[in-house]
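Feature list (source: TrEMBL):
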type	residues	note
BINDING	131, 205, 230, 260, 264	substrate binding site
BINDING	296, 297, 298, 299, 300, 301, 317, 420	NAD(+) binding site
COMPBIAS	41-59	compositional bias 'Low complexity'
DOMAIN	265-426	domain 'S-adenosyl-L-homocysteine hydrolase NAD binding'
REGION	29-79	region 'Disordered'
């Protein structure tokens, strides 16, 4: 396998922008034996850290000894990790083996490229969800020659057994389910700032590792060869950095690749939203009034799944094109404030902030389920619910009742964080598609000759998307039709692709 991939087309900057996290205001205490009084819940914003005296529980698992206060070693004697319980590694290894069976494309890429070691010398900081599927990606990158250090991009999505299995295998993993905000940033910092280990690549999901390195270690950041980002939130941050002249390294926008947008966002969410709602609430979908805020690919997947199970689905949108798509798909487009009193389930998937406010939740009927399918926890104003007049009651892991003085209660899932990865799982096959795209993007940026990429954000070419798709077709025993020379000439195409121009919308 050759390690040089086609030149990427430069991405257009979106006009929308989001606020960056102010990491400079976060107090770091890198001493594992820290004073626990310095920690606070990540669900509380930096501007509103008020904790209601009526709060009776949280959505995280039962508190035990913080992993930072444990002295753990793997079977090889290494201590360069911090996970919940290294003794659970065997269970995590079985989960990874199951995931491998449903990730044919990524395994095929590993087998094709491992002899060439296209990532030899690469030192990658990873900050993504740590699941069994991620573990397959981590081990694939290692098989291709990379050295990696990994932290979680979400405090609730880490599978503790999988993190333990990776630590046992010798990887530097700093993550566990139910981290505090201080834990979250401490873990990322431990991955970045390691004695005798200089990172040269970043694989990010949400931009947290990129943002922290730029803020706290600017000299180290300038030595990075490339950044690969897969989320809407992280991509927006990269465009902001590029626009302001602060992006000093090339970055690749994987989020807007066809294989990510269509398969991860649409097909994956179409299945995982149902799984998350069922696992947490045991809700019957038939006849329920559901509103979905945002009709992008994630919203389309959620709406399709819930409509198929008999829900009456409404859509809230700001974009007239997406709104027209929703109308043509048979959904009524309305404003949240017009229907909020009658809905049974509310799902946000906009990538924006304060989409659902306290005023909206004050008007909801008792029993309304509120959850978020977007990457960031900013869509639902959870901080406005932490007031003395409201009571938080833990129902089960990741499920809270928020109780009003008159007895009304709504059901909040995962404290407003990404509900499918916090409360259920995503299909391994879809993650294989996204992970293969990420791996190829890392290979391209790492091996690109000097000057190919400037200090900007780039999109993946169609050729790379098509290659990722081709890796997964054998699973379905799919056989592609081949163009004749005459047909290829008529269409003005190469017989081996790419088959669509960059402006083509799938």
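The backbone N, Cα and C atoms fix where each Cβ goes, glycine too.
Annotated features, which come from TrEMBL, shown on the structure.
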residue : record                 : Cβ contacts under 8 Å, 6 or more apart
131     : substrate binding site : 99, 157, 158, 159, 162, 421, 425, 426, 431
230     : substrate binding site : 128, 204, 205, 254, 255, 260, 434, 438
264     : substrate binding site : 430, 431, 433, 434
296     : NAD(+) binding site    : 265, 322, 349, 350, 351
297     : NAD(+) binding site    : 261, 262, 265, 266, 269
298     : NAD(+) binding site    : 265, 266, 269, 349, 373, 374
299     : NAD(+) binding site    : 292, 293, 315, 322, 347, 349, 350, 373
300     : NAD(+) binding site    : 266, 325, 329
301     : NAD(+) binding site    : 265, 266, 267, 268, 269, 270, 273
420     : NAD(+) binding site    : 268, 269, 272, 273, 275, 276, 373, 426
Fewest other C-beta atoms within 10 angstroms, as judged across 205, 317, which are the binding-site residues = 317
Rounded mean pLDDT for the residues that make up the domain 'S-adenosyl-L-homocysteine hydrolase NAD binding' (265-426) = 95
What whole-number distance in angstrom separates the two most remote CA atoms of the NAD(+)-binding residues 296, 297, 298, 299, 300, 301, 317, 420?
-> 22
Looking at substrate and its recorded binding residues 131, 205, 230, 260, 264, figure out the farthest C-alpha pair and report it in angstrom, whole number.
-> 18
Could you tally the C-beta atoms, other than its own, that fall within 10 angstroms of the C-beta of residue 260 (substrate binding site)?
-> 24
